[in-house]
């Protein structure tokens with residue numbers, strides 16, 4: 001029996017393909033009802049043969065689907081809700097309703113309230129009512145959500161809590177295409193609205209592929225009701241799709257476990273005629289894009305040429321300036337700003353000031369002092385040291401002298417007396433001794449000086465930074481008079 005049923009299904013599919021594809025590529029904008037009738041009849045006979053073979057194991061409410069293949073994959077996901085003249089759900093299907101929590105009431109009271117509301121409008125298809133509070137508490141775990149998903153065939157929800165459901169029910173409802181359909185429970189004609197939601201269908205067009213399926217009925221329905229539902233779906237597609245009916249490529253009818261039988265096919269010529277304007281617009285856009293790219297490349301080449309010309313001009317100007325100037329210094333090429341009269345004046349004034357500063361710094365070259373000689377400034381400092389017995393404050397180094405170099409220190413063995421005993425001919429810059437005596441007479445504190453105090457050695461001056469402290473010179477050890485040696489008597 002099963003072999004004969006499969007043979008009949010294949011023969012029906014062959015007849016369907018032969019009738020659906022005409023010899024000439026004529027535009028078929030309307031659906032052929034005879035072809036739809038043949039395909040549906042073949043599917044029903046196949047399902048009856050399977051029922052006789054497997055007996056009670058067969059599901060009597062096996063669903064029928066209409067497969068839609070589009071010419072182009074859409075850029076965005078599309079969810080189209082369509083109304084059908086005949087209900088596609090049987091009486092044995094379980095339907096669940098999610099409701100809002102009523103104020104100042106428990107979950108049991110809210111369920112009773114909405115059950116009375118449905119009975120008042122004569123609605124008996126809803127099998128269970130679940131409030132939002134019970135959904136949060138009892139169906140929080142992963143296993144509970146899967147159990148809820150498998151226990152019901154269709155889900156309805158109150159329009160007031162529709163935005164709260166995605167975080168509560170999870171992603172599995174959306175993956176298995178069991179998204180709850182929103183209903184306005186406050187409407188006056190509630191029975192009609194709920195029946196339209198239950199009896200209608202939804203087309204989910206994904207952006208991952210060009211093929212999608214729509215539920216159009218079940219095996220227990222009459223053939224005429226199924227055909228009317230298919231015609232209603234095709235009308236809805238021609239209105240809701242982005243490019244209307246021209247975007248439909250193929251239509252098939254199938255069950256969950258059977259082969260797909262074709263009922264409509266379009267041709268490439270029809271698609272080209274329908275999308276002639278769109279193709280022209282695309283060509284124009286591509287031509288504009290290519291023009292922009294060419295212009296951009298031309299601008300890049302012009303910029304490169306300008307930069308190369310500037311570099312060559314600067315090199316040539318350097319080569320011209322070098323032989324003209326007899327000095328070793330090489331003049332730098334003037335920039336564009338220096339070529340203007342205003343900028344040139346400013347640059348000349350600054351250049352003069354810089355030249356003067358460099359000349360002054362060059363004139364102030366520090367003079368080197370020999371080791372054995374002394375300057376008059378050093379003599380004055382030594383005289384004050386002998387008079388007061390205190391060190392003179394350390395002078396900061398001259399800013400004109402370089403800080404990196406150190407001045408040589410005086411020898412440690414040299415005492416002030418030895419320095420004074422030098423001949424005046426060797427040191428022409430020395431002052432006469434008369435001035436030294438006059439300075440001694442003016443300072444009254446010279447007589448109060450302690451005779452036991454030895455004169456301090458002259459400090460070695462280092463050109464260091466002013467922040468560093470100068471080291472103190474070590475005092476010379478006291479010299480005790482030696483006892484004269486008495487010759488031994490023989």
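Note: Cβ is positioned from N, Cα and C throughout, glycine not excepted.
Summarising the annotation, Swiss-Prot assigns N-acetylmethionine to 1 and lists experimental evidence as the type of evidence.
Taken from Swiss-Prot, the feature region 'Disordered' applies to 1-33 (among others).
Positions annotated as compositional bias 'Low complexity' by Swiss-Prot: 1-27.
Cβ environment of residue 120 (SUMO2 cross-link): no same-chain residue six or more positions apart lies under 8 Å away. In the three-state DSSP reading, residue 120 (SUMO2 cross-link) counts as helix. Taken from Swiss-Prot, the feature SUMO2 cross-link covers 120 (among others).
Secondary structure at residue 254 (SUMO2 cross-link), as computed by DSSP, is strand. According to Swiss-Prot, the feature SUMO2 cross-link maps to 254 (among others), an assignment based on a large-scale study or a structure entry.
Looking at the coiled coil (280-313) alone, the prediction's average pLDDT is 88. What Swiss-Prot lists as coiled coil is 280-313.
Counting residue by residue with DSSP, the compositional bias 'Basic residues' (280-293) contains 14 helix, 0 strand, 0 coil. Annotated compositional bias 'Basic residues' per Swiss-Prot: 280-293 (among others), in sequence order.
For 280-490 (among others), the entry in Swiss-Prot reads region 'Disordered'.
If you look up Swiss-Prot, you'll see 329-343 (among others) marked as compositional bias 'Basic and acidic residues'.
The phosphothreonine annotation in Swiss-Prot covers 340 (among others) and is backed by a large-scale study or a structure entry.
Look at Swiss-Prot and you will find 344-353 (among others) tagged as compositional bias 'Basic residues'.
Marked as phosphoserine by Swiss-Prot: 361 (among others).
The phosphothreonine annotation in Swiss-Prot covers 375 (among others) and is backed by a large-scale study or a structure entry.
Residues annotated as compositional bias 'Basic and acidic residues' in Swiss-Prot: 376-385 (among others).
Positions annotated as SUMO2 cross-link by Swiss-Prot: 380 (among others).
For 392 (among others), the entry in Swiss-Prot reads phosphoserine.
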